[in-house]
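So the structure is just underneath, and the comments pick up after that.
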C-alpha cells in the first residue's frame with residue numbers, strides 16, 4: 001500500500017485541490033490558529049482596551065500608555081491580514097511551475113513569519129511590563145483587567161505559533177534547496193526512475209529504450225555488417 005503524499009508535494013501545474021488535505025495539514029492549522037489569535041488580540045483592545053475615568057478621554061488599560069494599545073492593535077491587524085494572504089498562497093503553491101516563484105514564496109513566508117514572531121514576542125514583553133506597572137487606582141472595579149490578561153495570553157500564543165511557522169518555512173526552504181522543490185525535477189518525478197530496457201534482435205544487435213512499455217521500433221532483422229557499411233565515412237583531407 002502506497003502512503004499518501006503530504007500536501008504541497010504534488011506535481012507542479014496540477015490544478016486539482018483537495019480541501020481535506022489542505023485544511024488538515026499542520027501548516028494550515030497553524031495559520032488558522034495564528035489568524036484567530038490575532039483577531040482576539042486586536043478585538044479585545046478595540047472593545048475593552050480603553051477605559052473612561054471621569055472624562056471623555058479614553059485611556060489604555062496598560063498603565064494608561066496609548067503606545068501599548070496601539071502596538072498590540074497594529075501587530076494584530078498586520079498578522080491577521082498576513083495569515084489570510086499566506087493561506088491563499090498555500091492554496092496556489094502546489095500549482096506553481098516556475099522555480100523562482102516557488103523559491104520567492106517560501107522566502108517570503110520565512111521572512112514574514114520570522115518578523116511576526118519577533119514582533120509578538122516584543123509585544124508580549126512590552127504589554128506584560130505595562131500591565132505589571134498598572135496600579136489598582138487606574139482601573140476602578142478592575143475594569144478591563146480580563147481583556148488585558150487575554151491580550152497578554154494570546155500574544156504569547158501568537159509568539160509560539162509564528163515561531164513554529166518560521167521553523168516550518170525554514171525546513172521547507174532547506175528541503176527545497178537540497179531536493180527537488182526548486183528544481184525542474186518536480187515537474188516529472190518519474191523520469192529519473194525509468195530503467196533502460198534492451199530488446200534483443202537477430203545477429204546479436206540490440207535496441208535500447210528508456211520506456212519499458214515501448215515496443216521495438218522495427219521488427220525486421222537487421223544486419224550489423226549492413227549498418228557498418230551504411231555509416232558515412234569521414235572526409236579524407
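Backbone N, Cα and C define each Cβ position, glycine as well.
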Transmembrane segment per TrEMBL sits at which of 12-31, 32-51? 32-51
Can you work out which residues elsewhere in the same chain, 6+ from the ends of the transmembrane segment (71-93), have a Cβ less than 8 Å from its Cβ atoms? 8, 17, 22, 27-28, 31-32, 34-35, 37-39, 41-42, 45-46, 49, 102, 105, 108-109, 112, 116, 119-120, 123, 126-127, 151, 155, 158, 162
